[in-house]
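Peer 1: Structure in C-alpha cells, see below.
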Amino acid sequence: MEGAAGGEEKKNRMSSERRKEKSRDAARSRRSKESEVFYELAHQLPLPHNVSSHLDKASVMRLTISYLRVRKLLDAGDLDIEDDMKAQMNCFYLKALDGFVMVLTDDGDMIYISDNVNKYMGLTQFELTGHSVFDFTHPCDHEEMREMLTHRNGPIKKGKEQNTQRSFFLRMKCTLTSRGRTMNIKSATWKVLHCTGHIHVYDTNSNQPQCGYKKPPMTCLVLICEPIPHPSNIEIPLDSKTFLSRHSLDMKFSYCDERITELMGYEPEELLGRSIYEYYHALDSDHLTKTHHDMFTKGQVTTGQYRMLAKRGGYVWVETQATVIYNTKNSQPQCIVCVNYVVSGIIQHDLIFSLQQTECVLKPVESSDMKMTQLFTKVESEDTSCLFDKLKKEPDALTLLAPAAGDTIISLDFGSDDTETEDQQLEDVPLYNDVMFPSSDDKLTSINLAMSPLPASETPKPLRSNADPALNQEVALKLEPNAESLELSFTMPQIQDQPASPSDGSTRQSSPEPNSPSEYCFDVDSDMVNVFKLELVEKLFAEDTEAKNPFSTQDTDLDLEMLAPYIPMDDDFQLRSFDQLSPLESSSPNPPSVSTAFQQTQLQEPTITTTTTEELKTVTKDSTEDIKILITSPSSTHTPKETTTATTSSPYSGTQSRTASPNRAGQGVIEQTEKSHPRSPNVLSVTLSQRNTVPEEELNPKIIALQNAQRKRKMEHDGSLFQAAGIGTLLQQPDDRAPATSLSWKRVKGCKSSGQNGMEQKTIILIPSDLACRLLGQSMDGSGLPQLTSYDCEVNAPIQGSRNLLQGEELLRALDQVN
C-alpha cells in the first residue's frame, strides 16, 4: 500500500512540473512574439534605426499612437503632392526656425514634435512624443495652456470668424546647462518658450456614422515654440539694426545703445529717465501692456513686431526680447534688459504721432535779425573795426542799425565805480528806503516827489563843488558860520589822545570817544545796523572835521531835499513844530530849569543822574561860541566825571536855524543841573544861544527828512537812550542805574522861558509815553504848562510870523477854521 501511494505522488509531481514548464515556454513564446511585433512596429516608425532599436514596448506603443494620429491628421487635410524640389527643401525648414514644431491634441498630448527640440530643450524627440504636455510644463501655466487648447464649436455671429490664432508664453523643462551639457530630468530648469500657432480642425471623410453616431471633427494645436535666449548667452553678434537697452522696473530707460541714433534719431542721453511707453504706437499699447505683464510673471518675453515712434516723425517696426535680471543674493528682480531688433526703416516720416516728435518741427528758424542780436550779445575782446566787418557782411543788420527819421538818440551813460558802489548800497536797504534813504523804486520815487515840501516854483540850486553833494548850496551857505569855504570831510571818529581843537582839548583827552558814528545815535543790534544804513546820520553827527578816514563822497541821483517828510495818519506819530525861539536875557542869573518838572514826577522811576559844576566848566566857557547840546545815554551803573563838548570847527555851528531830532527816551528821570553856575547850559536839554529867527521855509529839508525817518522807525532796544537835537551834537554817555524799559517816540514841545537880555532859548523835553500828561501838568517857576491835546499840536504847527502857542479863544477860532 505504501508503495502504491508513493508511485502516485511521483506521477503527480512530474505532471505538475511538465505543466509549469509548458506554461513558462508558452509565456516565453508570447513575449518573444510580442517583442517581434514591437520590434517590427518600432521599425515601422519614422525614426532612425539607432533610436527605434532601443525603444521599450511602452515607448513603441506611445510613438506608434502618435504616428497614427499624425497620419490621420494628414489624411484628413488637403495635402498637395510634393515635388522633388519641396522634398529637398524640407530639411532646411527646421534649420531656419529659431525653435521647434509641436502639435498638441485637444487633451494636451504631444502627437508630434520636431527632432531639433534636443537643441533647445535638451530632451529628445522620442522622450516627449506621446506624452502629455502638462508633464513638462510649469504648474502655473496649466490653466493658460488649457485655454489655448479649447476650441469652441458654438454658433458664430454673422460676418465674424472665430479666432484660431494662438500666441502665449510657456515655461517648459530644460535639461541643458549654460555650457550646453545635459543634466538629469529631475534637475531640469524652466525655460520660457514663445509659442505661436493656430488651432486646426480636421473633419473625417467618412460621412457615414459608425456604431450609430458620427465622430466629431478632430482638432489640434500646431505651434512653433521659440525659446527666448538670455542676454548673457547670445551667441550671434548683433548687427547694425539691433540695439540694446536697459530699463528699471517701471520701464524707464537707464541705458540705451548708441545705434538707436542711426535707426530712430534719438540720442541716448535724451531717453534716460523716460518711459518706454512714451515711444509706443497707440495701436500697439494694449498688446505691449499684456506682454510686459507676462514678462514680470514668467521672466522673459518676446514682444513680436510692434511700431515704435521715430524722433522726427513716423515709426519703425521693432521686435524686442526682454529679460528680467534677478539679483543673485536675494533673487529679487533688479532690472530689465531688452534686445531690440529694428526690422524696417522709418515709415511715414512726415506724420506726427506724439508731442515728442513736435519738438524738432516747432524749433525756431534763425533769421538775420537773430544773427545781428547774437553779434551784440556775444562777449568778445574785439575792436570796433572787427565788429563793423561782421555787420558789413549782413546788409539787413546795417539797415536796422541806421537811425530813421524821428528816432530819439539816447546817449549811453557809462557810470564810474562810485556809481556801482552807490547802487550796491541802495540795494542793501530794501524795506526802509521811503524817507531817509534814496529809493531805487520808481513808484516810491514818484510818491516822494509828489510829497516834496518845496513849492513848485522853487527849484533846487546847484551845489558847491567843495561841499557835500547831498546838501543844497543854499542850505549849506546858511550852515556856514564864517565866510570861509565850507570844507566837509566826513570821517569815522576814532579814539585819540590829542584834542581836535584848542577849546576842547582839556576834556577830550579824558573823555571816551565813540568808536563809530553809529554810536552817536543809539545802540542797535548788528542785524539792525545792517538794515538801517545810517550814512546820512554819520555825516550829520560827525565830530571831527579833520579827514582821518574819509568816506568817499558819492553823487546821489535823488537829492534828499526832494523827499517829503513822512506824515502818518494816526495819533502815534504827529507833526511837531520847528524850533520856536523865544527871547532870553543874557544877564539872567538863574535861567529857568526843566529839572524841577522832572523831579516832581519820580513815581517808580529810576534814580536821578546829576552832574556837578566842575564837570560843566568847559561848557560854560564855550557857551557863547556854539550850540551846546548835551545828551546823556544811560548804559551802566556809574556816572562819568567829564563831559564831551563840541568842537568850534564844526561846520554846523554858528547862528543858524535847525530842527531838533526826535529822541529815544531813556529809562530814568532826567535832572537838569545848572545850580552851580548861573550861565551853564542845562544838562539833557538843548540850549540854542545867540540865534536869529529864520522862517520855517528856509529850514533844511534834508534834516526834516532825517527826523521823520527816525520818527517813523519803531525800535525797541533795552538800555539805549538816543537824544538828538540838531546838528553839531556832542555826546556824553554817563552810566545810569536805571533798568531798561520799552521806549516810544513822543511829541517834542517847546516852552517859552522868561528872559531879560533878548537871547533866544529853546528847551526840548523828550519823555516816555506813560509820563507825558504828568510831566506836562507840572509847573515851572510857578507857572504850569498847558496840557495839550492832539488838536492842539496839529493847530500849533509852525506858522509864519508866529512864535507862541495859541491859547483860549485863539485856539477855539483856529479849531473852527480847521473844521
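Just so it is clear, glycine is given a Cβ too, placed from its N, Cα and C backbone atoms.
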Peer 1: Of the ranges 550-556, 662-668, 711-717, which one does Swiss-Prot flag as motif 'Nuclear localization signal'?
Peer 2: 711-717
Peer 1: Run through the Cβ atoms and count how many others sit within 10 Å of the one on S248 (phosphoserine).
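Peer 2: So the Cβ neighbour count for S248 (phosphoserine) comes to 13.
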Peer 1: Averaged across the motif 'Nuclear localization signal' (711-717), what pLDDT does the model get? Just tell me the whole number, please.
Peer 2: 49
Peer 1: Which of the three DSSP-derived classes (helix, strand, coil) applies to S248 (phosphoserine)?
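Peer 2: Where S248 (phosphoserine) sits, the three-state DSSP reduction gives coil.
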